[in-house]
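First comes the structure, then the notes that go with it.
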């Protein structure tokens, strides 16, 4: 598997707007206690301090830069970081992973912290978000994470990955055409979804047939760790 950095600046979306005054107000960084701490220790191991720094970024600069709303701060650990990181159990050892529409690094950075054996490419079209991701990656010294500015369809020619991940990007029938070209041989799309996962698979029937994909499966991850486990759609990709 390989990838080379494409030049996409001319095709990327324009700069995002300046954050509002409300988003710049100071917020309290959520504490990691009780069962949530136990889950985080299990998922991140000795990289938990890095995960805590990531949450600090989300609760401060993530809000200030407009990547998240202030109301999300109290549930950063449970609803966002752990919800994403627990999916790391599904990644093959040493996989090259492309995270589409990385935004605030969810799930990409959370997975990179949970799975240091894997290499991650974060694909994000918006300039402000790319700058924020670059800043956090540098601060956490994640040398196996790179950030590309562009849309997945713009960069797919230069990529050949094992796994594509996505969260809150689009419905499955739209997501499949955007992500399948990132895999040149055999791989997998892992999309974090909610209660509508099964319905999205049904709605994507024609697209699945077009790309000669077998019916995806719905899996629940983290039932033994999280109060609200994560629902994912796993869609095998075979292009050879």
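Placed from the backbone N, Cα and C atoms, the Cβ positions cover glycine too.
Look at TrEMBL and you will find 101, 106, 152, 153, 167 tagged as S-adenosyl-L-methionine binding site. Taken from TrEMBL, the feature compositional bias 'Basic and acidic residues' applies to 12-25. For 1-26, the entry in TrEMBL reads region 'Disordered'.
Around the Cβ of residue 152 (S-adenosyl-L-methionine binding site), a 10 Å sphere holds 25 further Cβ atoms from the protein chains shown. Around the Cβ of residue 106 (S-adenosyl-L-methionine binding site), 27 further Cβ atoms fall within 10 Å across all displayed protein chains. There are 23 other CB atoms within 10 A of the CB of residue 101 (S-adenosyl-L-methionine binding site), with all protein chains counted. When the Cα positions of 101, 106, 152, 153, 167 are compared pair by pair, the longest gap among these S-adenosyl-L-methionine-binding residues is 20 Å. Counting every protein chain shown, 23 other Cβ atoms lie within 10 Å of the Cβ of residue 167 (S-adenosyl-L-methionine binding site). Within its own chain, residue 153 (S-adenosyl-L-methionine binding site) has 178, 181 as residues 6 or more apart in sequence whose C-beta sits under 8 angstroms from its own.
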